[in-house]
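Student: Let me begin by handing over the structure; questions about it come next.
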Amino acid sequence: MTLNLRCKVVEPSWKVLQHYASYVRNTAAVSLVRHHARLSTSTNLTSKAAEPITALSEFPVEKIRNFSIIAHIDHGKSTLADRLLEIAGVIPKSAENKQVLDKLQVERERGITVKAQTASMLYEYHGETYLLNLIDTPGHVDFNYEVSRSLAACQGVLLVVDASQGVQAQTVANFFLAFEADLKIIPVLNKIDMKSANPDRIANQLQRVFDIEPEETMKVSAKDGTGIDQLLPTIIEKIPPPTCDQQKPLKALLFDSWYDRYRGVIGLLAIKDGKLTKGEKIQSAFSKKQYEILDLGILYPNEKSTKTLGSGQVGFIVAGMKSTKEAQIGDTFCHVNCPVDALPGFKPAKSMVYAGLFPFNKSEFEVLRSAIHKLTLNDSSVSVHNDNSAALGPGFRLGFLGLLHMDVFNQRLEQEYDVSVVITSPNVPFKGKYRYASILRKEHEEMVITTPSQFPDIAQVVEYLEPVVMGTIIFPDKYMGKMLNLCQSKRGQQVNISYIDETRVMLKYILPLHEIVIDFYDQLKSLTSGYASFDYEDHGYRSATLAKMEILLNGTPVDALTTVVHEEKARITGKQVCQKLKEAIPRQLYEVAIQATIRGKVVARETIRAVRKDVTAKCYGGDITRKLKLLKRQKEGKSRLKMIGKIEVPKEAFLAVLKR
């Protein structure tokens, strides 16, 4: 019975795709079937979604729309995507539909999008069937790289803004990503059902910041469905179809990839020209390697195999690639022996934050190595290098896009591979410009410094350089003084200050990346009671007075605790490290001096007092010289012990300093 229902409800819908010409002649009948499919039970809808789509190549380009949803974090982007998929009949209407496109456990737990996802929809409008390709995007600043890749496959975007929170820092960044890509931008105010919502005020913000007219702004609620039914028609009317030609040779852009343990690398392609058929051989414009298409199709929202992908379409391919290193994001693919001009690629992901990852037990090193290798197959933006610490043993030094990226990577290690690690305090890549030439380098050549051990002496360099970012902070104007003081304390340089409405301020500062990777965001939220938002983008390097700070225990340097600091912050940083060590190192039989030094000069010191044995306890009277003699002998013994004694620094002490 279930099989009969499936055939009755669904079969005509896929015949529409296979025989587009016959569909035009039978518009009324197909419309009735579509309407019935949307009103049917969840079982029928599930069956519909499971049916393979086999003839997408016949779909005309003018009936295709590729769009993305961009927004600040927690503005309802994933919930809106769920509602659109429900309206199009891709998934059944159910209260269980929450973050359908967020596949990772960490995404569902944190309520954020980390990995860009794609879903195709079939939607009937004015008697015509359209293929809508939705590409969901992350909202956090660390994953801007994912956003820029997704936008390369689109012709338009939905710019979603919370109707109560208004324009935030990431809203500004995402708008300009879409604007620079010359995409059609449809502004959408979400969460209008909330009591605190003020759509008119937020619409005026959009006009003031982005020059978007209030009447162009759509007002919806993804939670209760208000206004959602008008979004898909608006997308069809306002977003242009892709510009492409199916008669030209194949030209396809690879804009994302992930790893499957059974099938190898699965790549997401945007077909710019020509068409791609299962069994054909393609060639990479980057590596010149050739691959055979083993499988291809669209995401609906799960993988649905097809025979062909045509011009303007977005879909997945399986081509026997063994590593995501073969699937270079931004690469152009063409048919073998039919070369084409490569499409403009992407800037490679640049690590902004470095941290050491070490196993809790040295015996688990190989387990950690295997877990990191498997995880980086799905996240090619992470750079990995071997590392070794005198205190923590062998490990790895990893480069991340930001602090949230680092946290998410660590959480995925624990959840997906059951590996617990020690993460050292994050640092940033400095540079040193060498004073003299040598066999291995030119005069004034720049060297990237990612670890303190690489830090050159001041006599060898002309200047040190530190990475800086252009930060955008949006907050209520009553916190203006606190925000200015915070940015000044972080050695920031003010660029611009403007009001986005009567009460909210947008502040732009050039800030050292080293100053914001630890606790800047926490301080920002604390000083503004959570009302501020922060976004940053790379702004190159600038000259800085840097120094290598060493930690000495009774005059002996501890290499594992050496770090690079700005000279202005050397005394404060040294004091903090010395205090942490004083609390973590157990008392010895002799006094222990903890010193922080820069170029041999002590900038901070703490002393751990010796454990004192009462050697005069057995003296119950008599001459005082007897007590003095015992005390003198004890003092001499401690002096000898201090000269030959070796301080054992426990692992907990290193963790107190190195761990974030």
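For all residues, glycine too, the Cβ spot is worked out from N, Cα and C.
Residues annotated as GTP binding site in Swiss-Prot, with sequence analysis given as evidence: 71-78, 136-140, 190-193. The domain 'tr-type G' annotation in Swiss-Prot covers 62-243.
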Student: Going by DSSP, is T137 (GTP binding site) sitting in a helix, a strand, or coil?
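Tutor: Going by the DSSP assignment, T137 (GTP binding site) belongs to neither helix nor strand, so it counts as coil.
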Student: If you skip the near sequence neighbours and keep only those at least six away, which residues in the chain come within under 8 angstroms of I192 (GTP binding site), Cβ to Cβ?
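Tutor: Once residues fewer than 6 apart are set aside, I192 (GTP binding site) is near A163, P199, K219, V220, S221, T226, G227.
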Student: Return one of helix, strand or coil for A71 (GTP binding site), based on DSSP.
Tutor: strand
Student: When DSSP is mapped onto helix/strand/coil, what comes out for K77 (GTP binding site)?
Tutor: helix
Student: Restricting attention to the domain 'tr-type G' (62-243), give the mean pLDDT.
Tutor: 82
